[in-house]
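Residues annotated as region 'Disordered' in Swiss-Prot: 1-46, 148-170, 641-670, 884-905. The feature motif 'Nuclear localization signal 1' is assigned by Swiss-Prot to 136-143. Per Swiss-Prot, the feature site 'Involved in histone H3K4me3 recognition' maps to Ser290, Tyr298; the stated evidence is experimental evidence. Residues or ranges marked as site 'Involved in histone H3Q5 recognition' in Swiss-Prot (evidence: experimental evidence): Asp312. Residues or ranges marked as motif 'Nuclear localization signal 2' in Swiss-Prot (evidence: sequence analysis): 470-477. Annotated zinc finger per Swiss-Prot: 519-571, in sequence order. For Cys519, Cys522, Cys542, His545, the entry in Swiss-Prot reads Zn(2+) 1 binding site. The compositional bias 'Basic and acidic residues' annotation in Swiss-Prot covers 645-670, 885-905.
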Amino acid sequence: MDQLASLAESVAMEEDSEKQSIKGESSLEPDSTPSSPKITARWNPSEACRPLVDDAPIFYPTNEDFDDPLGYIEKLRSKAESYGICRIVPPVAWRPPCPLKEKKIWENSKFPTRIQFIDLLQNREPIKKSTKTKKRKRRRISKIGYTRRKRDSGCDTASSGSSDSEGKFGFQTGPDFTLEEFQKYDEYFKECYFQSEDHPGSKASENKKFKPKVKDLEGEYWRIVEQATDEVEVYYGADLETKKFGSGFPKYKPGYPISEADQYSQCGWNLNNLSRLPGSVLAFESCDISGVIVPWLYVGMCFSTFCWHVEDHHLYSMNYLHTGDPKVWYGIPGNHAESFENVMKKRLPDLFEEQPDLLHQLVTQLSPRILKEEGVPVYRAVQRSGEFILTFPKAYHSGFNCGFNCAEAVNVAPVDWLVHGQNAVEGYSKQRRKSSLSHDKLLLGAAMEATYCLWELSLSKKKTPVIARWKRVCSEDGLLTKAVKKRVQMEEERLNHLQDGFSLRKMEGDFDNKRERECFLCFYDLHMSASSCKCSPNRFACLIHAKDLCSCESKDRYILIRHTLDELWALVRALEGDLDAIDLWASKCRDQYPSQHPRAREYAYLKSAPCIKSRGSSKVQQREQNNLQLVSERLQSDLTSNKEVQLKQDGDSDVNRHGHESERNHVHGITDKSAVTDVKLGVGGKFDEKKISVESQNPHSVSDVGCSELAKKVDGCLGGKDQNAATNRLSLSVELLSSGSLVVKKLWCSKQAIYPKGFKSRVKFLSVLDPTNLTNYISEVLDAGLLGPLFRVSVEDYPTENFSNVSAEKCWQMVTQRLKLEIIKKCDQPVSSLTSLQPLESINGLEMFGFLSPHVIKVVEALDPKHQLEEYWNQKAVKLFGAEPIKEGEKDDTEKGGASDPSLDRDTRLLRGLLKKATPEELVMMHGLLCGETRNTELKEELSTLVDKMEISP
């Protein structure tokens, strides 16, 4: 006890020193100044105010359930969302080690605290009113250093109340502690508070120690909040950045021997991983936002409080209690959030009149008893060490700690959050409140990822866990589809509402990469669109406040758009399952955002229960991930051109069906020096997006020496700039590895070729890993079920580098597109300026597979001796005889009396007329007879008899 009292005395002396410095700046005089720690308040069990509320649900996931954190959240949402919060108890085997307990951290690392005045959380006077009072009942009121909570720094001390306009009730900065010291101080506090017969400085007998139960602590806590008779001050280590202090979960250390901690470091329930798991849209936020994506640590003591609040952007939150005493939570269902806010304003009118955003400050409590009286449902959860608490979107929650403990929390955003997040940012705009992240960036990132997964699924029919998750939120009724459609409708309405005075420009790809772009008036995020003017090119407005930006003439004002409305509606159709739209946006994912599609990011699909090591990427996959990350920045600059480019419509067939066309014509952005075609509103007050055009101000330099050398090497590989020579040389090098087997169904042939199942060939071509060298590619035909044949091209030495499509031509287009990306990485100039790459544009996929090579054709045709694939053989007959068969109802030239070609001799003209009258089947049979290919002996005998009769006839 002496040791605890000594520690408390040193803490109080430090606190007193800080308060004395505040006193000198304050206009109010304290009644007394303590020279020793005084915890004068005592437990009063007879006046306990424990609220009568129902308990929130508790869930006990099985090991299988625990494998997929987001899947489990999705599973329990329907059962728990109506409570606002729930408790999750992990399987018994899941017990991650806590690095915070290591001696170097536990005894040596210090963290800052805040002083909380528990008796003032609900019952206090407004700041302005309290500063006018000359005499205070409580000595400390004059010493409160008013603070403002910031997500970035946690606690930012203001000017100690010297200015009424600046002072806001909050948490005063307290002393720094180590975890060991804080635990001892909490023990001292509880011994003093709950054992009134002992003086704080005397020894307490072990048999007299009393450990209050949770219900005792809860009753006393709300007595202090509702009807305090004494001053109760505690400390709270809140909002501690884990990047600085350290996380309570182990982190993976590459290069070190694998241990038990490493298994937990890669677990999905490790809060360092949770926010960016596959399926959480926060995965598309590239910045490590402290408190949202990077967890915060919370070190509590008895009665330390987290006041009523809702998560930023109405996100889900997950809290894990690493060690220590329980934490009592209270939750309100999200659909009662507005009712809760109204009750708070009704019961605390003076505080809200002075500070309308009071609920954003996390400094005010209101008893669950009062809330229930007003008809607001409240639920309780008691979290113990090793357990999780999940809060749902827009669910207000609060609580207090029963003693010393360490907890960690982070946000997560499954797809069902998107509708809540959209409502949040629209509300922030009306309140003119800054946001923590870009909702539109997350929405578009999720939509593009889902589209790419749909594209992969349409080709391979393989449902990986990631693809299956995105597939579930698509279709017309899918959660993601609905969220994107709603946002596109909003964007269209806002564009159409701007009736005059604005031209449209294409937004730069990196418009908001290096700095946040927000509306000058309401702070709305401007990732999707922004309004500006030549008079203030670095000042922007949202579409709602576009007309409030300035009063300049219409010719000087413009709107920047990241995607046209046609493109956005195509994205909606893609999510609904339209194959053409899927193809278009999958191409955009590959070409425009190569660092964002799944193949580049290569998820580590995290497991647990207990944590299973995540699947590692091969060296090739890791190299591809790193390379594409570097290429993406270069790609953004390459896709611009120094000439004006007309943006193609979504409906254009060449854009829909060929990714390379959208790559050539896409423009990432402009600045104020760009030439812009003004686009006025058309009939009905709508923008005519067909007229949007832009001109880049950054023409690329072609002076790079390394690029020149690369061009020479590429020329050498392709056989020079002669396109025909290059492709001819490549076609001759096709090696047939397997002819496969015939499939007599639609789609398994075309007019140009037969596609045997299991067909496999080898060809040399520029390497997608190193374009300066040739490598072997394996081309094969697989069975994709109802889709028919699936064409796949893979690098022979690195099979994980593969490209698949339902079209042989497009399959090789994907290879050439990848080649362009690799060349961009090595060459600092546009692909369009590399004339040596022109042969890439003429590469024929059928030829690269070998389907146009004579030796391959002969082998493949032998698989169909009966000519069952009529589409192919009919076209072949036409080519052989040089005449189209006469369609039913048509007449040939001779019947019409048309003149015959005089250059042909009489016999040829007669033969051509005869052949035109034949059906395709008859032509094929005749060809077989004349060439000796038919095996039908009866037909051969009939033909011989016919010839004999013709010779006998006069």
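Each Cβ is built from the backbone N, Cα and C atoms, and glycine gets one as well.
Mapped onto this structure are the features recorded in Swiss-Prot.
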residue	record	Cβ contacts under 8 Å, 6 or more apart
Tyr298	site 'Involved in histone H3K4me3 recognition'	Tyr236, Gly237, Ala238, Asp239, Leu240, Phe306, Cys406, Ala407, Glu408, Ala409
Cys519	Zn(2+) 1 binding site	Ser429, Leu526, Phe540, Ala541, Cys542, Ile544, His545
Cys522	Zn(2+) 1 binding site	Tyr428, Ser429, Lys430, Arg432, Cys542, Ile544, His545
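The local packing around Ser290 (site 'Involved in histone H3K4me3 recognition'), expressed as other Cβ atoms within 10 Å of its Cβ over all shown chains, amounts to 19. Within 8 Å of the Cβ centroid of the Zn(2+) 1 site, not counting the listed residues Cys519, Cys522, Cys542, His545, the chain contributes Ser429, Glu518, Phe520, Leu521, Phe523, Tyr524, Ala541, Leu543, Ile544, Asp548. Cβ packing within 10 Å was compared across the recorded positions Asp312, Cys542, His545, and the lowest neighbour count falls to His545. In this structure the C-alpha atoms belonging to Asp312 (site 'Involved in histone H3Q5 recognition') and Ser290 (site 'Involved in histone H3K4me3 recognition') are separated by 12 Å. In terms of DSSP helix, strand and coil, the zinc finger (519-571) has 13 helix, 17 strand, 23 coil. According to DSSP, Asp312 (site 'Involved in histone H3Q5 recognition') sits within a helical segment.
Secondary structure by DSSP for the motif 'Nuclear localization signal 2' (470-477): 3 helix, 0 strand, 5 coil.
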